[in-house]
Structure formats: structure tokens, C-alpha cells
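Participant: Below you'll find the structure I mean.
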């Protein structure tokens, strides 16, 4: 599909996305057939506009320079490899409704503002009073940003997992148990880089990585598969530990708000290109139902281009009011990745007419335990006097 048709031997035809970016399509042809002039300059211009809209690092000038060198030396394997790497960095396209958002999300309040608590005991104090959490003096054997849950808080974690799964089962999701150790190409195929100084991925000596979310394992399960149109959409879910190398020194993200590993229930769908937006709305509605039933005060954010990850075409965040911290905190999100992941992981479907097409993938968080615990304990305090006198 990229109009600039580049014929490179062994070059994967599954690494691009969306109308403009999608058109920078690569066919597997002998290297001596490579014709850089076949690449439409207009499509590179559109891809560059999309990069600037998202305020990402602009690598289009680099791509243009490599293409110029390849025009002079069509057999340069070094430049071919460089071109592959640069094209893989291109983000997904951006939904047109987001073009005018600039860097601000569109907010929708999903609760009665007059009923939002303005005063509450902060989560860590509640846990200290009830001896339910330990984060201190763990550095000698688990490192910083680790935690232990005790007693009722540990029971609540398991109850929330079972609660989320019960709803997903009602919504016809199929539950999978997935691995937490994955090859790096699966993680990168989902849109998360594994190299560089600022990546969030834990890497093992074997070269494999710890999964940042079960979305990666679920997507990897379907890699290199050709599915049937009649079997779409597919909806699966998994419970897993999630590993993130990121840290934060922000006061509002103290405690278990941002940690190196946590438990999450993830939703994932494979569908056709005609179903992906409706599936995203379906995921969003499920998330809202899950958290409204927990007596949380919510707001929905339709995220702007600057807040989209490389794989996302559109994305919703769901935030809960955390009165002990006096802040809105993200507890869930869902993204429409269109065919971005499918092209990198080679996931296709065959239509009823016999045509092979790329699938679209959707992901969403049914529960991310640590932040949900914070929101629950700060929003549902029956008697603050106990804590105030502690």
C-alpha cells in the first residue's frame, strides 16, 4: 500500500499504517529492481505532517537522504537496513477528529460534580493504619518501586480481578493465560521500542524481554496467522503481571501509583478495518461500566495526537478522582491500533471473497490493580474520624 513502491529484497511488507503512511508500501522484489523514484513524494509529506502533529522525532529527512543514496547505489545493503529501521519508526496515522485538539484532550465528566469528595485520607495513610501495604526497606532485595500487599488489600486485589473477568465473560471474551517473557520482535511489533536510553522494557541476558502488558502476548499469539472473516471479531482477555522500567519522582505519583510491576486484566480484539472504531467504543463502554459499579467518580479523555503512542490511531483514557491526593489519576485506557501491529506481526484475514487483508487490533485495560486500589480506598471512606485520630 505505500504509493512510493520500493522493491527491496527481503523487505517486510507489513510495517506501515494508514492512508498516507500506509501508502509507503514495500513489496518483496529483487534488490536490482529497486526504483526509489517510484516513491511518491506527496506521501512522505503527509507522513511528515502526521509526525509533526504528534510532536514526535521527525525522521522523514533521514528517510529522504537514504533514498537519495539508494538512487546512486541500489545495491547498498547498509542503506537498505538503515531504511528499514527508519520506516519502522513511523507512527500510525491519526484519526481526523483529533487534528484540531492540539495538545489538549477532550474531556467528558461521567459523574455528578457536586458529589465528588473534596476531602479524604490519602491511600498510604489508610494502608498504614490497617497494616495492608509495605513499600519501604525493600531495596536490598526487590529494588525501589516494589510493594507487598497484606490481608484485606491482597484479598481486594484478587476480588477485583475476579470481578473484571466476570464482566468480560458476560461480554463474550475468551480468557487466555499468557507468558510474561517474550522475544523482542513481538514487543517491538506492538509498537514499544526495546532499545535506547528511554525505553520502558526490561531485557534479559537471553535477549528476550519482560512483557509490559498482556496485550503483547495476546498479539504475539496471533502473529503469522491467516484468520477467516467469519471468525471476526475475536475478543480475548488475560490476567498478567506487567513490567515497566519507567520511574517517576513526581509527588503525585508516589507510592504504588507508578511501580515497576503490577497486575492487570487486559482486553484485546482482532477485527476487520470496518469494525475497529466500533470495537474501540465497545471497549470504552465496558471500562466505564466496570468502574462506575465501584462507586468511582470518572472522567473520559479523548486523547490528542501528542498523547498517542506510536501504534495508536485513536485512544481514550479513563481517569478517577482520587480525593486523598486531590487529583485525577488514569486508571484505564483503550486504543485503536488499526493495522499498525498487524503489519508488523503479520496477522491477516481472508475475506469471504478470497481476498487477504490486514486485521485491525484494539486493546484496553479492564483493571490495573495499584491505581484502582488507590481510587477505591480514597473514594469509599465511611468514617474518616478513625484515620484522623490515628
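Note that Cβ sites are derived from N, Cα and C of the backbone, with glycine treated the same way.
Remember, TrEMBL labels are computer predictions, not curated facts.
Sharing the feature lines straight out of TrEMBL:
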type    : residues                                              : note
BINDING : 213, 244, 266, 363                                    : L-serine binding site
BINDING : 244, 245, 246, 259, 260, 261, 262, 330, 331, 332, 333 : ATP binding site
DOMAIN  : 227-390                                               : domain 'Aminoacyl-transfer RNA synthetases class-II family profile'
SITE    : 365                                                   : site 'Important for serine binding'
Participant: If you compare CA-to-CA distances from residue 266 (L-serine binding site) to each of the recorded positions 260, 333, 365, which comes out shortest?
Facilitator: 365
Participant: In whole Å, how far is residue 213 (L-serine binding site) from residue 260 (ATP binding site) when you measure between their Cα atoms?
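Facilitator: Their Cα atoms are separated by 12 Å.
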Participant: Return only the integer: C-alpha distance in Å from residue 262 (ATP binding site) to residue 365 (site 'Important for serine binding').
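Facilitator: Pair distance, Cα basis, whole Å: 13 Å.
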Participant: For the binding-site residues 333, 363, work out the Cβ neighbour count at 10 Å and name the residue with the minimum.
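Facilitator: Checked 333, 363; of these binding-site residues, fewest Cβ neighbours within 10 Å: 333.
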Participant: Which ones are near residue 331 (ATP binding site): of the recorded positions 244, 363, 365, which have a Cα within 10 Å?
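Facilitator: Those near residue 331 (ATP binding site) - Cα within 10 Å - are 365, in sequence order.
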Participant: In the structure shown, which of the binding-site residues 246, 266 has the fewest other Cβ atoms within 10 Å?
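Facilitator: Taking 246, 266 as the binding-site residues, the minimal 10 Å Cβ count falls on 246.
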Participant: Compute the C-alpha separation of residue 246 (ATP binding site) from residue 365 (site 'Important for serine binding'), stating it in Å without decimals.
Facilitator: 19
Participant: Measuring C-alpha to C-alpha, could you say which of the recorded positions 213, 244, 363, 365 are within 10 Å of residue 333 (ATP binding site)?
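Facilitator: The recorded positions passing the 10 Å Cα test are 363, 365.
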Participant: Looking only at C-alpha atoms, tell me how far residue 244 (L-serine binding site) is from residue 365 (site 'Important for serine binding'), rounded to the nearest Å.
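Facilitator: With the alpha carbons as reference points, the distance is 16 Å.
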Participant: Around the L-serine site recorded as 213, 244, 266, 363, what other same-chain residues have a C-beta within 8 angstroms of the site's C-beta center?
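Facilitator: Nearby residues not in the site list: 211, 212, 214, 215, 216, 242, 264, 365.
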Participant: If you count Cβ atoms within 10 Å of each one, which of the recorded positions 213, 365 comes out on top?
Facilitator: 365
Participant: Need one number for the L-serine-binding residues 213, 244, 266, 363: the maximum pairwise CA distance in Å, whole number please.
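Facilitator: Taking every pair among 213, 244, 266, 363, the longest Cα gap is 18 Å.
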Participant: Measuring Cα to Cα, tell me the gap between residue 365 (site 'Important for serine binding') and residue 213 (L-serine binding site) in whole angstrom.
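Facilitator: Each residue's Cα considered, residue 365 (site 'Important for serine binding') and residue 213 (L-serine binding site) end up 9 Å apart.
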Participant: Need one number for the ATP-binding residues 244, 245, 246, 259, 260, 261, 262, 330, 331, 332, 333: the maximum pairwise CA distance in Å, whole number please.
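Facilitator: That value is 20 Å for the farthest Cα pair.
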